[in-house]
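According to TrEMBL, the features are:
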TRANSMEM  12-32  transmembrane segment
TRANSMEM  44-68  transmembrane segment
TRANSMEM  89-107  transmembrane segment
TRANSMEM  148-165  transmembrane segment
TRANSMEM  177-198  transmembrane segment
TRANSMEM  218-238  transmembrane segment
TRANSMEM  259-281  transmembrane segment
TRANSMEM  301-324  transmembrane segment
TRANSMEM  345-368  transmembrane segment
TRANSMEM  388-408  transmembrane segment
TRANSMEM  428-446  transmembrane segment
Amino acid sequence: MALTNRHTDGFATRLGVLTATLGSAVGLGNIWKFPYMTGDGGGAAFLIIYLLATLAVGLPVMIGEIMLGREARANAVGTWKNLAPGTPWFLVGAAGVLAAFLIMAFYTDVVGWVFSFIVRAATGQLNSTDPKVGEAAFSAMVSHPWHALFWQWGVLALVGGILLGGVSKGIEKTTKVLMPLLFLMLLAVCVRSLMLPGAAQGLAFLFAPDFSKVTVDVVLNAMGLAFFKLSIGMGTMMTYGSYFRSDADIPLTTARVMLADLVVSLLAGIAIFPAVFNYGLEPTAGPGLLFMTMPAVFSSLPLGQVFMTVFFLLTGIATIGAMLSLFEVPVALFAGSGMMSRKAAVIATALGLAAFGVPATLSFSTLADVSVFGKNFFDLYDFLSSNIILPLGGICICLYAGWVWGGARSHAALSNGGTLANAAVIRVWYALVRYVTPLLVVLVLLKGLKVF
Ligand code: PFF
């Protein structure tokens, strides 16, 4: 295999491999998407389906994607060019780079809302038990174009600044500090929430399954969420895989990331649902749960303003690792192809992301009446990336790893040249990635395309 575009920087420690990868997985998916999808999907029943989806779909794709990245030691496009030179496989990487732009465009918009809510919470502007106050603050913010853009561009500058430090001194160092901090803050909010009188009802909602709510849609949504949650199918994990140390245990690291990511989602559920039930609010409030319901819930508690600020702060912290990984996909491509220095690649990507983000952000103000395929830009970006590109990328990764790269090479790669005693795990992974996972992902894609 002709290796080109190889990096010189990478994750220096095994702990850094774990925190950076977990940092990518943890984010708005855990604290924003997961709770409202769990609320809609029947609580614990959704949780069980989601767990099965991560095992049957999420983990196998993640292992394959990281493996291919580490083997080729290049960016999302370069990896395919190294593995399959002269073939169209590199288009999978190109689609992934496009997905990184699309996701970052709406992601940084929501993160901008979170950061602005940190300031509002800290300065007491959200202190009211009436959900209408959070609602008014929320709609004032999203409907004001310059306000929303100010926060979005601020977020981009912050993430770009960290990436200027590089992979080991930027991404790795930052996630090593942020991940433990996130866990501590989340635990503090959970303890507070569990002390409420309505805690038992909230926990029952999260942990006592009601399978009558499970439909085919719920199952397919859970599989789709697994893609978004684990940052797979678009070259992010491929890029991070290329920074993995050669002695890192890929199956074990991915299993740990998946479990820790699930724990963060559960903790977010434990922080949110008891509080919501305690105040007789709706668990199925949708995306507004975070911005409209939570301020009212916190305002009802002693020391509520402190906990509200900590809650929005931890949400902001959770998003940073995810944004670093999304932003890194084009940076690695531009810098790795020799076109420009890393610094120039970061600046070019930041400018590109800022431009891409404008239509998504203005979807709630200036461009509110513009729709493409019946969706505003914000929803269109989410739809194209989450429902089309990620599942398509996942199918291609399974097909390549399972049918082209093959058993012998996969075994050598995942056992680190035979130094790890994980043959049985690799056999299970290989069977899944060849037969089960791609078929399940095809269903997700067909659902995304509204075929059924
Ligand atoms: N996994 C992130 C979350 O759950 O918030 C979102 C994400 C990050 C998706 C990176 C895709 C990606 F490449």
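Cβ from N, Cα, C; glycine included.
No curator has checked TrEMBL annotations; they are predicted automatically.
Same-chain residues lying 6 or more positions outside the transmembrane segment (428-446) and placing a CB less than 8 Å from one of its CB atoms are 56-57, 59-61, 63-64, 220, 223-224, 227, 251, 387-388, 391-392, 394-395, 398-399, 401-403, 407, 410-411, 414, 452. Listed stretches 12-32, 44-68, 345-368, 388-408 were compared with the transmembrane segment (259-281); the greatest number of C-beta pairs under 8 angstroms is found for 12-32. A contact between the transmembrane segment (89-107) and the transmembrane segment (177-198) is absent, since fewer than 3 of their C-beta pairs, 6 or more residues apart, lie under 8 Å. Contact check: the transmembrane segment (218-238) against the transmembrane segment (388-408) gives at least three Cβ pairs closer than 8 Å, residues 6 or more apart, which meets the contact criterion. Highest Cβ pair count under 8 Å relative to the transmembrane segment (177-198), across stretches 148-165, 301-324, 388-408: 301-324. Here the transmembrane segment (12-32) touches the transmembrane segment (301-324). Their Cβ atoms form 3 or more pairs under 8 Å, with each pair 6 or more residues apart. Among 44-68, 148-165, 388-408, 148-165 has the largest number of CB pairs under 8 A with the transmembrane segment (345-368).
Listed stretches 44-68, 148-165, 301-324 were compared with the transmembrane segment (388-408); the greatest number of C-beta pairs under 8 angstroms is found for 44-68. Using a Cβ-Cβ cut-off under 8 Å and counting only residues 6 or more beyond its ends in the same chain, the transmembrane segment (44-68) has close neighbours at 21, 37-38, 79, 83, 205-211, 213-214, 218-219, 222-223, 225-227, 229-230, 232-233, 235, 237-238, 240-241, 244, 250-251, 253-255, 257-258, 262, 266, 394, 397-398, 400-402, 405, 410, 413-414, 429, 432-433, 436-437, 440-441, 444. Same-chain residues lying 6 or more positions outside the transmembrane segment (301-324) and placing a CB less than 8 Å from one of its CB atoms are 19-20, 22-32, 104, 107-108, 111, 114-115, 117-118, 121-122, 124, 126-127, 155, 158-159, 162-163, 170-171, 174-175, 178-179, 181-182, 185-186, 188-189, 192, 196, 231, 264, 271, 275, 290, 294-295.
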